[in-house]
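Contents: one structure, followed by commentary.
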Amino acid sequence: MRPLPCVPGVAAAAALLLLLLPRARADEHEHTYQDKEEVVLWMNTVGPYHNRQETYKYFSLPFCVGSKKSISHYHETLGEALQGVELEFSGLDIKFKDDVMPATYCEIDLDKEKRDAFVYAIKNHYWYQMYIDDLPIWGIVGEADENGEDYYLWTYKKLEIGFNGNRIVDVNLTSEGKVKLVPNTKIQMSYSVKWKKSDVKFEDRFDKYLDPSFFQHRIHWFSIFNSFMMVIFLVGLVSMILMRTLRKDYARYSKEEEMDDMDRDLGDEYGWKQVHGDVFRPSSHPLIFSSLIGSGCQIFAVSLIVIIVAMIEDLYTERGSMLSTAIFVYAATSPVNGYFGGSLYARQGGRRWIKQMFIGAFLIPAMVCGTAFFINFIAIYYHASRAIPFGTMVAVCCICFFVILPLNLVGTILGRNLSGQPNFPCRVNAVPRPIPEKKWFMEPAVIVCLGGILPFGSIFIEMYFIFTSFWAYKIYYVYGFMMLVLVILCIVTVCVTIVCTYFLLNAEDYRWQWTSFLSAASTAIYVYMYSFYYYFFKTKMYGLFQTSFYFGYMAVFSTALGIMCGAIGYMGTSAFVRKIYTNVKID
């Protein structure tokens, strides 16, 4: 049979995107078992309880492995590899519905070096994570006595596994067998397995890991209500003030048409109408500005789609699925970046559209990958599981060049051809109008600093829950709240930037493009400042690795949020500016 023709670039793009999708296998991936069929206990990572992101391979501590033949594991998704999942077979013999009485599975020959490793882990409150049928299990390595002189290792893993039909629906671990760590002794590691019938449905087996009391207590509902009232107030305020002010302006300018030349010359010579010949002048640095707007629109599209998918699919039930979905959606929405960035650059008269396309395509990936690679060097130094494998880095780079860039090119071409022609309601003057002096609080720098306060105020309580879910042991699952907060953030951002832009134009300052973008983007500054407060007062993180990891990725998160808010603010303000100048009769 003759093979079908294939475009190399399309084939490469399809192959790379398939890397992001979960691949089906037998065993636990089907989540169904026959009686006495093998059930795999995977050992994942170990690390300090207060530094959640500082994790190491489980067998980096001198634990011993069971006698059963090793089973290899591979990273099924790109998200799993990037999140430092390091599954290794425990060597324990576990069969479905087959109880195991307490039995020794290996022995540790505890010399001084191994004892010191365990003592260090116990001093730093090391916890480890395991998986059975994709259900996470946590256990503590050991504990110290009250005086901190003697250290004890938990040597007995008591597993209770609940089943419903031919599916595993519950796993519980009890650590017992406390043994004092004494050099040059032998420590026996043992386990037992007890199977019990459960009424929990397979679809509800992750409910035990959720914390409704944390995510839905009064302060959460209060934050939503407070933000909603802020939206109502801002929308009403903007509607009342601007519409009344604009109505007066329209009436005054209509009255000017009935005046003779002398009265018109003696009339008011100020206001937003005076800059009609410069308000649609291209922004300074249009190439960078267009790239930021395109990237912000793409981030908004990715946020919206991922939240909707998370609401429908419960992504928290699969390892790395949230990150894999975000990467896949980001790659797939690259035409959005090219369309909005390319069309805006064309309307502003830009000629180096290929350079703009490259900057727009690689702006966010370069920021994220640059930060990740920098932290990766620290992770490699610490031998942490968070160190990104070389193959994964190559895969990410290939996705950028063979998926994101071509799709961005398609979006750029469509944007330039469909909406790249200037269609401003006012003619742009050949010579820029001088900007008059104004009061200090009307300067763009002051407006930019103040513009992000209200948008941050509408989301900062939700930021606490998001931070806690990522930097502490909480699973975020209330994506309906997140969707509502995203809508509120968009409305507040647009309203605030419209007010700021109107005051700026009324002061006869036509530099509104960058001002509207930066006043909304300044929300990121307040979010990053809040991250400092959260780190020092809400966590017990410590060490170079965790500190660099935290502030590095918080800088990426804050910057991406700022670019998204800036693009939303600019798009809303642009529609407002076009509207008011369309309705004014200008000679």
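Cβ coordinates are placed from backbone N, Cα and C, and glycine is handled just like the others.
Annotation comment: TrEMBL describes 1-26 as signal peptide.
Here TrEMBL flags 221-243 (among others) as transmembrane segment.
Packing against the transmembrane segment (287-312) from elsewhere in the chain are residues 322, 325-326, 329-330, 333-334, 336-342, 344-345, 348, 350, 352, 355-356, 359-360, 363-364, 479-480, 482-483, 486, 490, 513-514, 517, 560, 563-568, 570-571: each is 6 or more residues past its ends and has a CB under 8 Å from a CB in it. According to TrEMBL, the feature transmembrane segment maps to 287-312 (among others).
What TrEMBL lists as transmembrane segment is 324-346 (among others).
The annotation transmembrane segment is assigned in TrEMBL to 358-382 (among others).
The transmembrane segment annotation in TrEMBL covers 388-410 (among others).
Positions annotated as transmembrane segment by TrEMBL: 445-467 (among others).
Away from its own ends, the transmembrane segment (479-505) comes close to residues 215, 220, 224, 227-228, 230-231, 234-235, 237-238, 241-242, 245, 272, 275, 279, 300, 303-304, 307-308, 310-311, 442, 444, 447, 450-451, 454-455, 458-459, 462, 466, 511-512, 515-516, 519-520, 523, 565, 568-570, 572-573, 576-577 of its chain (Cβ-Cβ under 8 Å, at least six residues beyond either end). Residues or ranges marked as transmembrane segment by TrEMBL: 479-505 (among others).
According to TrEMBL, the feature transmembrane segment maps to 517-537 (among others).
Same-chain residues lying 6+ beyond the ends of the transmembrane segment (549-571) with a Cβ under 8 Å from its Cβ atoms: 53-54, 292-297, 299-300, 303, 340, 364, 367-368, 371, 374-375, 378-379, 386, 451-452, 455, 471, 489-490, 493-494, 496-497, 513, 516-525, 527-528, 531, 535, 541. According to TrEMBL, the feature transmembrane segment maps to 549-571 (among others).
Here the transmembrane segment (221-243) sits apart from the transmembrane segment (358-382); fewer than 3 CB pairs are under 8 Å, leaving out pairs fewer than 6 apart in sequence.
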